[in-house]
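Engineer: In case it's useful when we look at the structure, here is the feature table from Swiss-Prot:
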- 41-61: transmembrane segment (TRANSMEM)
- 69-89: transmembrane segment (TRANSMEM)
- 117-137: transmembrane segment (TRANSMEM)
- 147-167: transmembrane segment (TRANSMEM)
- 176-196: transmembrane segment (TRANSMEM)
- 215-235: transmembrane segment (TRANSMEM)
- 270-290: transmembrane segment (TRANSMEM)
- 307-327: transmembrane segment (TRANSMEM)
- 363-383: transmembrane segment (TRANSMEM)
- 384-404: transmembrane segment (TRANSMEM)
- 424-444: transmembrane segment (TRANSMEM)
Amino acid sequence: MKKEKTERTKQSWRKAQNAPSLSEVNNSVAIPKNAKFFRKLFAFMGPGALIAVGYVDPGNWATSIAGGSEFGYTLLSVILISNILAVLLQSLASKLGIVTGRDLAQASSDHFSKPFGFVLWILAELAIIATDIAEVIGSAIALNLLFGIPLIWGVCITALDIFLVLFLQHKGFRYIEVIVITLMVTILVCFGAEMVMSHPDMQAIAKGFIPQSEIVTNPAMLYIALGILGATVMPHNLYLHSSIVQTRQYARTKEGKKEAIRFSFIDSTFSLTIALLINASILILAAAAFYTTGQHNVAGIEDAYKLLNPTLGSSIASTVFAVALLASGQNSTLTGTLAGQIVMEGFLNIRLKPVVRRLLTRVLAIVPAVIITALYGANGINELLIFSQVILSMQLSFAVIPLVMFTSDKEKMGEFVNPSWLKIISWAVAIFIAILNIYLLFYTITTL
């Protein structure tokens, strides 16, 4: 018995791995040997962009617009803090994948009992469906704003992006990364142009990045601040990142893993900085266009669109805003498909054809969106968008806590285990997020 226990400790995992994560693209992107730093960095760049997509989805837009229109530039510091937390958690996710060769779903399935693993899978699937609902809503609103397509038809049209995803997966993983990066740049350029048109107060922006005591003392401001924090770190991103870092052909040796961890950190930090700039730009735009003109109650994305042209005095302001929204929705679609595949294969060891997997997720997202749109129209759509963010908040801790557990476990991580200082910080962040999301859930239920 003692010998068996010792052997299991050495192995650190209960079962041998059945298949690598995302086996069709695992170890598929070449890394040039003996290349210079920037050439290698370019080869590693890409996964971070796919992760950053989750930080600029329509759910984030709603909280940033509300924060900027109601409280000006004050909540910029909250966006900055959220981004720092995101960098920490995403670095842990990528390290788990690189060191162990398992994604977060595979690691959770091995570590926990079957019943609890099944519960984690259900929660992860709910989070992915909630994310997909936000993508569907964002794309449908953008199609309505740009082309006048009724919301209910816009929701149905979003089903067609399944074929885009399948085509890109067939062409190769690098193609997906290029498309995502292109759309991210589109969003950044759009909001950069909007910011120039809005003539923001640069001194107020600089002050906004310094945390203010009123964020805690003002209940209304605190709620929106918590909403920004709660909607920033997406649970499906942790599963996704731990998998897609393994698409690179780095040497599966001690030195190879060290190098991969270093380049992956640079990649994700750079991409999340772009996401920070986008989210900050949305809040700055809302503050400059609405808060300073006395329009403090901009309720949703459509309201912001309608108010931009008369407020900024430019006929293209609203169009640029809608193009960025469409790019955001389509971008998130690409990553949602991959995340769904990862959690199903990792937790259940069930491998579905990509078309079946994508159809399943999209149908489960479209059905509630169609029903709510048909019954309640645009107001119902905005309520559904908010509800999807609550679902994500509820699930987040069930991804963060296992991630911190595994990366702090020397048996699983070996010499790559989190050092003591990082363990303390990681657990503090995990507990903080858990308390935050419990508060958000309680507040949402009591205000229904």
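Using the three backbone atoms N, Cα and C, a Cβ is placed for every residue, glycine included.
Because the structure is a prediction, the values reported are computed rather than measured.
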Engineer: Six or more residues beyond either end and a Cβ under 8 Å away: which residues meet both conditions relative to the transmembrane segment (384-404)?
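Structural biologist: Sequence-remote neighbours of the transmembrane segment (384-404) are 58-59, 62-63, 89, 92-93, 96, 104, 107-108, 111-112, 120, 123-124, 126-127, 129-131, 133-134, 137-138, 227, 230-231, 233-235, 238-239, 242, 300, 368-369, 372, 418, 423, 426-427, 429-430, 433-434, 436-437, 440-441, 444.
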Engineer: Answer with yes or no whether the transmembrane segment (117-137) touches the transmembrane segment (41-61) by the criterion of at least three Cβ pairs under 8 A, sequence separation 6 or more.
Structural biologist: yes
Engineer: Determine which recorded stretch among 117-137, 147-167, 363-383, 424-444 has the most C-beta pairs below 8 angstroms with the transmembrane segment (215-235).
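Structural biologist: Answer is 424-444, with the largest number of Cβ pairs below 8 Å.
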Engineer: The transmembrane segment (69-89): which same-chain residues, six or more beyond its ends, come within Cβ distance under 8 Å?
Structural biologist: 55, 200-201, 204-205, 207-212, 214-215, 220-221, 224-225, 228-229, 232-233, 238, 268-269, 272-273, 275-276, 279-280, 283-284, 286-287, 290-292, 295-298, 304, 400, 403, 425-426, 429, 433
Engineer: Please identify the stretch among 117-137, 270-290, 363-383 with the greatest number of Cβ pairs below 8 Å relative to the transmembrane segment (147-167).
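Structural biologist: Looking at each of 117-137, 270-290, 363-383 in turn, the most contacts to the transmembrane segment (147-167) are made by 363-383.
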